[in-house]
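Engineer: I'd like to ask you about the structure that follows.
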Amino acid sequence: MFLINLLLMIVPILLAVAFLTLLERKVLGYMQLRKGPNIVGPYGLLQPIADAVKLFTKEPLWPLTSSATMFIIAPILALSLALTMWIPLPMPYPLINMNLGVLFMLAMSSLAVYAILWSGWASNSKYALIGALRAVAQTISYEVTLAIILLSVLLLNGSFTLPTLIITQEHLWLIVPSWPLTMMWFISTLAETNRAPFDLTEGESELVSGFNVEYAAGPFAMFFLAEYANIIMMNIFTTTLFLGAYHNPIMPELYSVNFTLKATALTIMFLWVRASYPRFRYDQLMHLLWKNFLPLTLALCMWHVALPILTAGIPPQT
């Protein structure tokens, strides 16, 4: 039964990822005053399927000098971890209701760094290695603020379980009392998922394509799937943390529709940011985190410790 549930979770995720690639190309197209994909199928709707067929039927090549085992393991690990992170997400019920769901997700996102590092190192290419080192530094740095912001939110929640967050936000979405945290969280998720304007790992002008420069066909597609699965997962996580998950004062009975609309709106914001902003320089990226975000999040964390005590508010599960 568990395997069936697992498949029922994985298949829709992969479908969502496939159509997110189409959505991205369409959004970017219209923002640049062009159509985007419109040949394959009606309005280009079959483009993701054509892309998948093309990628998985190509011959997978790898450099002679690469470490073959690690080279193959890295993309598999990346996709496996990206899919594993969905397990504790309440949609509306999680696959496994973990006591420490948030901690599990943090641990999994930290492990995803290894896949990037291995892929860059095993490729035995200087560009891939530079891209991988940048990705690791960026991901580890931004995880610091993500963890502190999560802690601040969980102080209002009273436990590490995600379903209780939905109960917490029944009357007031957490974006209202902690909007500075929400802004920093959103920017940190952009950096965590290696999206523009923080896509330094894939700086085409300097690093060709970043850590996956030597990958082709299937393994490249796996990295691609992992990246987009992480984007959707992060947006669902943001919805659960700050946007009241399923709650909507106007149409409270449209449970799943509310949730999907919020997550989709956030995803389109990711694409909007990509279309609008130029890439950060590496030192600006680090300066933003260590000099701006970290002091702010620490101060706000202390404020969130005091807030429930000041207002005599008891979290739903203590």
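Glycine is treated like the rest: Cβ placed from N, Cα and C.
For reference, Swiss-Prot lists these features for the protein:
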TRANSMEM  2-22  transmembrane segment
TRANSMEM  70-90  transmembrane segment
TRANSMEM  100-120  transmembrane segment
TRANSMEM  147-167  transmembrane segment
TRANSMEM  171-191  transmembrane segment
TRANSMEM  217-237  transmembrane segment
TRANSMEM  253-273  transmembrane segment
TRANSMEM  294-314  transmembrane segment
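Walk me through where these features lie, including what they touch and how far apart they are.
Structural biologist: Sequence-distant contacts of the transmembrane segment (100-120) (same chain, six or more residues past either end, CB-CB distance under 8 Å): 70-71, 73-75, 77-78, 81-82, 84-85, 87-89, 94, 128-133, 135-136, 139-140, 143, 146-147, 150, 154, 160-162, 192, 201, 211-212, 215, 223, 226, 230, 237.
Within the same chain, residues 13-14, 16-17, 20-21, 52, 55-61, 71-72, 74-76, 78-79, 81-83, 85-86, 89, 91, 105, 109, 112, 115, 119, 189, 192-195, 259, 263, 266-267, 270 sit at least 6 positions outside the transmembrane segment (217-237) and bring their C-beta atoms closer than 8 Å to a C-beta of that stretch.
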Engineer: Which sequence positions outside the transmembrane segment (294-314), separated from its termini by at least 6 residues, show Cβ-Cβ distances below 8 Å to it?
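Structural biologist: For the transmembrane segment (294-314), the far contacts come to 144-145, 148-149, 151-153, 155-156, 158, 177-178, 180-181, 184.
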Engineer: Is the transmembrane segment (70-90) packed against any residues at least 6 beyond its ends, judged by a Cβ distance under 8 Å, and which are they?
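Structural biologist: The answer is 9-10, 13, 62, 96-98, 101-102, 104-105, 108-109, 111-112, 114-116, 118-119, 121-123, 162-163, 165-166, 214-215, 218-220, 222-223, 225-227, 229-230, 233, 236-237, 240, 245.
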